[in-house]
Amino acid sequence: MMELYRAAVQLIVGVGLGVGLWLREAQGERHIVFWNSSNYRFMQEDYTVQVQLNDYLDIVCPYYEEGSVAGHTVERYTLFLVDYEEYETCKPKSKDQVRWECNKPFAPHGPEKFCEKFQKFTPFTLGTEFREGRTYYYISKPIHYHGETCMRLRVHVSGRTTPPPVNVHTPRSHIQSDEPEVPLPGVMKSVAGNSAAPGTPCTLYGLLLAALLLRL
């Protein structure tokens, strides 16, 4: 009886780990970056986020409540996906490298958000395909004024056994975010939920346990 019980426990644990890994690979984690000058991480010279294939990068644009600030003071940005050389100089070569435009700081539905999925294959002809072990580079240019201020981000796609590069931002929470602990004035926080399907492992555990108990 004890041997059967131990086997049942091992089976449940093994299946649970397998289901968790499958959900992790299928759903991916979300990494949130607040793209505004108040984000202190952009003050680092090598601000880097580590992701894995099937993860998501959520870019949250600057947002202000209507009437909270003067229109000429709000931040607007054009974001580019560029090569390393352009990342270093912060000068994109072509308008074809434009990835997104954060140009609706007073959007009625809340802050604009853009999503990048780091997938190996894409069904779109002009889509970007990402590879493990490589680093991808994002930079922005301000729309709200003509200046040389540059905000830039490195995203490293690591494999299962690939060690992260130096100075990589890897928070412990499942929802990876650079949201500051102290609320910023005039900036609305974004709300994100767990990307994994809720309750699936627990439900499977229960069914397996019930079936095994019926056999005892």
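Using N, Cα and C of the backbone, Cβ positions are placed for all residues, glycine too.
Features reported for this protein in Swiss-Prot:
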SIGNAL    1-28  signal peptide
DOMAIN    29-161  domain 'Ephrin RBD'
CARBOHYD  N36  N-linked glycosylation site
DISULFID  C61-C102  disulfide bond
REGION    162-181  region 'Disordered'
LIPID     S195  GPI-anchor amidated serine
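A 10 Å cutoff on Cβ-Cβ distances gives C102 (disulfide bond) a total of 25 other Cβ atoms nearby, all chains included. Calculated from their C-alpha atoms, the gap between C102 (disulfide bond) and the residue listed as 'N-linked glycosylation site' amounts to 10 Å. Long-range Cβ proximity for C61 (disulfide bond), meaning a same-chain Cβ under 8 A and a gap of 6 or more residues, is found for W35, N36, Y77, C102, K104, P105, P111, E112, K113, F114. Across the domain 'Ephrin RBD' (29-161), DSSP classifies residues as 16 helix, 45 strand, 72 coil.
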